[in-house]
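Structure record follows, encoded as C-alpha cells.
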Amino acid sequence: TNFTITSPANAVIGRYNLTLQVTSGNKIFSRFLGQFVLLFNPWCPADAVYMANENEKQEYVLNENGIIFVGNAKYIEARGWYYGQFQDHLLNICLTMLDLSLYYRQDAAMDVSRRGDPKYVGRVISSMINGNDNDNGVLLGKWQGSFHSHENPSRWDGSVVILQKWRQDNYKPVQYGQCWVFAGVMCTVLRCLGIPTRLVSNFNSAHDVDRNLSIDKYYDTSGKSLNIGKDSTWDYHVWNESWFVRPDLGTAYNGWQVLDATPQEQSK
C-alpha cells in the first residue's frame, strides 16, 4: 500500500517523528518510521514565503555565495561572503537555535505553535544572532578597542565557520561581530529554514536613539559642539530583508520585510 502525506502550507517548521499506527479490532499496532524536517517552502503558492520569480528563488534561497558592500559612500568595498546554508550540520544548528531562544525557554508550547509564521521566526532568529540578551546568541559585538584576544570582525568571510564554532563552544557567543557579520549569519540561518533573504547596505546611515526620526546635535551659544546627544551617523550599516506576506498589516505590505540582528536599541 502506498501512502501520500501532505503538510498544510502554514504548518509549524521543525523536526517531526513519523509513526504508523494500525488498529485491528481491539488491538493497536504502532511502528516508528523515522524523522523528517519541515521547512518554509518558497515554491509553494500557499506558503507565506512564496516567491513567484524563479531567478529570485535561485538568488535569495539557493545561492550559497554573495557580496556584502561595506566602507563609506565615497569608497565602497565589496566583500565576498560564503553563506553555506546547505552545508553539513547547518540545519541542525539552525533548528537548535530556535530551541535555545528565550521565547522557547519562557513558553515552549506557545513558541513552537508560532513557528509556521515567518514573521515570528524572523524575530526569534534576529534576537538569537546576537548574544546581548544572555540567550546563548551566536555573536558578541565589538566596535572599539583591541581584538587581539579573539577574532577581529573584519577577518570573517563566511557564516559556516562562525556557526560551527558556536556549536563547538557549547553555544557560547563567538567573538566578535559587527553589522555585516550579524547580517551575513542571519541570512544563512533564514535561507536554511526556507525564508528568502537578502542583505542591504546603507551608507551615511542614521542611528536615531530617541525615536524622533532626526539626528540631533547640540551646540552652546558660542557654537561649540556639546557632547550630550547619543544620535549618530555611521559610515555604513548592513541589515537583512526577508520575503513573506503580512496578513497582520494587509497586502500592501507583502514582500521584503526588514530584520536587523545588530544589537543597538532594545525593541519590544
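Cβ coordinates are placed from backbone N, Cα and C, and glycine is handled just like the others.
Curation plays no part in TrEMBL annotations; they are all automatic predictions.
Annotated features, as they stand in TrEMBL:
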- 171-263: domain 'Transglutaminase-like' (DOMAIN)
Stretch-averaged pLDDT - the domain 'Transglutaminase-like' (171-263): 91
Helix, strand and coil totals (DSSP H, G, I; E, B; other) for the domain 'Transglutaminase-like' (171-263): 17 helix, 37 strand, 39 coil
